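Chemist: The structure under discussion is supplied below as structure tokens; questions concerning it will follow.
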Amino acid sequence: MPKNSKVVKRELDDDVTESVKDLLSNEDSADDAFKTSELIVDSPEEKDTDVEEGSEVEDERPAWNSKLQYILAQVGFSVGLGNVWRFPYLCQKNGGGAYLLPYLILLMVIGIPLFFLELSVGQRIRRGSIGVWNYISPKLGGIGFASCVVCYFVALYYNVIIGWSLFYFSQSFQQPLPWDQCPLVKNASHTFVEPECEQSSATTYYWYREALNISSSISESGGLNWKMTICLLAAWVMVCLAMIKGIQSSGKIVYFSSLFPYVVLICFLIRAFLLNGSIDGIRHMFTPKLEIMLEPKVWREAATQVFFALGLGFGGVIAFSSYNKRDNNCHFDAEMEEGG
């Protein structure tokens with residue numbers, strides 16, 4: 001063996017030892033990387049689970065600034081223009097106080113349970129009407145689209161009514177009011193009252209001839225009513241400004257839109273008490289004709305009013321409650337709103 005063979009052998013042994021250490025260190029680093037990779041692989045599964053449970057959606061979906069905004073939004077959605085003029089008309093049409101009995105029965109049996117159901121479904125799934133029904137079953141997604149179509153048509157004619165209201169509001173800053181008396185017609189010989197107005201009334205004449213400016217028949221278009229066009233455009237601008245930022249903007253509008261109808265109702269109540277014969281009207285209202293309760297038409301109209309008053313099936317209740325947290329007590333909300 002050469003003289004330097006021991007030195008070469010020692011160097012080889014050192015290289016082998018160092019190479020083994022390198023392999024072991026690499027193996028340890030690989031184990032660490034493998035352990036780290038296990039954690040990375042597990043985290044998407046947990047994330048998917050969270051998304052499936054809705055927690056990820058809950059974090060991204062906006063929420064009401066306060067519980068009061070949510071309550072006022074639901075109350076304002078239920079107590080709308082339809083309740084102001086439709087409910088007293090139905091009472092007078094269907095036997096006065098006797099109409100209240102089928103209405104209250106159907107409200108307790110059908111209205112409140114369905115109202116609570118829509119509240120709980122929207123809060124649990126945290127989606128709009130279309131998303132809720134698709135989440136329950138894709139085959140039921142058409143119900144959500146149908147509710148949106150219904151809301152679309154309701155919004156169309158409600159904004160027309162708001163346009164009419166804006167027109168009358170703009171014309172009310174006059175003394176006397178333009179619909180207070182029939183207009184006078186002058187000719188070469190003398191002055192006389194408009195015959196068409198004299199045959200009907202001053203308010204009816206102003207509504208058809210001044211506000212609507214209707215044509216003689218449906219075959220005549222009559223041209224563009226620019227006054228009503230401007231009022232309708234203003235109504236749509238108001239709605240867009242109220243909803244442009246979602247619940248962040250509409251949540252502030254509900255302080256006015258939900259409380260103002262009650263102010264109007266109180267004004268109507270005071271005005272009604274000051275009219276001649278108001279006591280007779282109240283007596284007629286609360287003198288029930290019990291025999292009319294045997295007619296199926298009365299129960300049908302009562303059921304229609306329950307759905308119309310609470311906004312059931314329109315998707316609005318689901319949409320409003322979807323901005324609540326999952327741990328919100330929606331049962332208490334339903335009781336509170338029904339009591340209001």
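Glycine residues also receive a Cβ, built from the backbone N, Cα and C atoms like all the rest.
For reference, TrEMBL lists these features for the protein:
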REGION    1-60  region 'Disordered'
COMPBIAS  43-59  compositional bias 'Acidic residues'
TRANSMEM  70-88  transmembrane segment
BINDING   GLY76, VAL79, ASN83  Na(+) binding site
TRANSMEM  100-121  transmembrane segment
TRANSMEM  142-169  transmembrane segment
TRANSMEM  224-244  transmembrane segment
TRANSMEM  253-274  transmembrane segment
TRANSMEM  302-323  transmembrane segment
Chemist: Among the binding-site residues VAL79, ASN83, which residue has the fewest other Cβ atoms within 10 Å of its own Cβ?
Modeler: ASN83
Chemist: Six or more residues out from either end of the transmembrane segment (100-121), which same-chain residues have a Cβ under 8 Å from its Cβ atoms?
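Modeler: Distal contacts: 91, 132, 136, 288, 293, 298-299, 302-303, 305-307, 309-310, 312, 317-318, 321, 330-331, 333-334, 337-338.
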Chemist: In terms of Cβ proximity under 8 Å, which residues at least six beyond the ends of the transmembrane segment (70-88) contact it?
Modeler: 64, 158, 161, 247, 250-251, 254-255, 257-259, 261-262, 264-265, 268, 305, 308-311, 316-317, 320-321, 323-324, 333, 336-337, 340
Chemist: Around GLY76 (Na(+) binding site), how many other C-beta atoms are within 10 angstroms of its C-beta?
Modeler: 22
